[in-house]
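Since the structure comes first, as structure tokens, the remarks are kept for the end.
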Amino acid sequence: MLNNKIDFSKYDPKLWFAIEQEKKRQENHIELIASENYTSNYVMDVQGSQLTNKYAEGYPGKRYYGGCEYVDIIEELAIERAKKLFNADYANVQPHSGSQANFSVYTALLNPGDTILGMKLSHGGHLTHGSSVNFSGKMYNVISYGVDENGEINYEELLRLTKKYKPKMIIGGFSAYSGICNWKKMRFIADKADAYFVVDMAHVAGLVAAGIYPNPINYAHVVTSTTHKTLAGPRGGLILAKNGDDILYKKLNLSVFPGAQGGPLMHVIAAKAIAFKEALEPKFKTYQKQIVKNSKVMVERFLEKGYKIISGHTFNHLFLIDLTNKKITGKDADIILSKANITVNKNTIPNDLKSPFITSGIRIGTAAVTRRGFKENEVSKISDWITSILNNVDDHNNVLQIKKKVLEMCLKYPVYI
């Protein structure tokens, strides 16, 4: 009988200590990493349930193991909610991550050596959009498009490259782009080469679900996403499609299982189902609207303080700060801000002369701070604290004073009550 009589803190004190410290860090730090968010207690509870014990290779009604009648119900719930949330005809909720979702889609639609066209990592793309260190850059012939001098996607370049190289697939989406993607125009360009148009909406899935950011589902052949970030669910992946056919959907399913993965993580799929239900509620839309409001306020504040924002604006949850004229690297900014309990991430900027380990910029996102209740007043203060620290990096007393203010704000707005 599995009845743990010894308290966890006594059974494994080292692990317990690390977890407790991480809990405190999340409560006492202002989280501005654009890819991070806080899940609900429901999501965390489900992930710690008995579902973690169940193996369920295959799909609902077509499993390779017995005893799947209840996990079938759970996966079907997740599928139907995902389809409703994003107005899709097809959903696969099994990918363990966004990268796994992308890998599955690529292998379903492409052959090794095919040409793909994705956004440059240094211009705001993602590793899986063709980076040389990633499977996408190793398996396929990669051509990259980027942003223009104004920090906007260069559609003329995209069209020119499409006509010249005739890619089998064009990848839309980003990890560090603050503009609005013109999915319709990108599909038009893809059609010029009879190419698949795949959109990775991982960063803006929550905004899309709330109707605040354009939904790519009517333009892309296939859409992929993570289920955390702005969607605020568990860490996982998702594949969606609309107006496809059974042949496409079967290819996608087979590419996920058995192509890329074995048994699905049923405890995570259940958590996805809960997250999709939460995202269908009216208050989720209010939350997403506030994310963008906060992001815009921060951009305005940084501009007022003389900081350069790539593209000069934001229409989503994130933006990039170019620190070139501030004589500080992204890495150093990351380090000094962390001493004041403000967490950001160093990030390359378009045409960055520094390595990805150093960078000339930082990326800031507002999904997590908005989740804990911060509004315009709070994020405006945070912007001022950041500029105060970066303008005076050697003033350690200033860092300590701001850290006190950060702790006061975090105490006023706890993540988990």
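Here the Cβ of each residue, glycine as well, is placed from N, Cα and C on the backbone.
Keep in mind that this is a model prediction, so the values were computed, not measured.
Applying an 8 A CB threshold to same-chain residues 6+ apart, the list for Pro356 ((6S)-5,6,7,8-tetrahydrofolate binding site) reads Leu121, Ser122, Thr348. Per Swiss-Prot, the feature (6S)-5,6,7,8-tetrahydrofolate binding site maps to Leu121, Gly125, His126, Leu127, Ser355, Pro356, Phe357.
Among the features that Swiss-Prot reports, N6-(pyridoxal phosphate)lysine is placed at Lys229. All protein chains included, Lys229 (N6-(pyridoxal phosphate)lysine) registers 28 other Cβ atoms within 10 Å of its own Cβ.
Residues or ranges marked as site 'Plays an important role in substrate specificity' by Swiss-Prot: His228. In the three-state DSSP classification, His228 (site 'Plays an important role in substrate specificity') falls within coil. Residue density at His228 (site 'Plays an important role in substrate specificity'): 26 other Cβ atoms are found within 10 A of its Cβ, drawing on all protein chains shown.
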Other C-beta atoms that fall within 10 angstroms of the C-beta of Phe357 ((6S)-5,6,7,8-tetrahydrofolate binding site): 10
Between Lys229 (N6-(pyridoxal phosphate)lysine) and Phe357 ((6S)-5,6,7,8-tetrahydrofolate binding site): CA-CA distance (Å): 23
Three-state secondary structure, Ser355 ((6S)-5,6,7,8-tetrahydrofolate binding site) (per DSSP): coil
Rounded inter-Cα distance in Å - His228 (site 'Plays an important role in substrate specificity'), His126 ((6S)-5,6,7,8-tetrahydrofolate binding site): 16
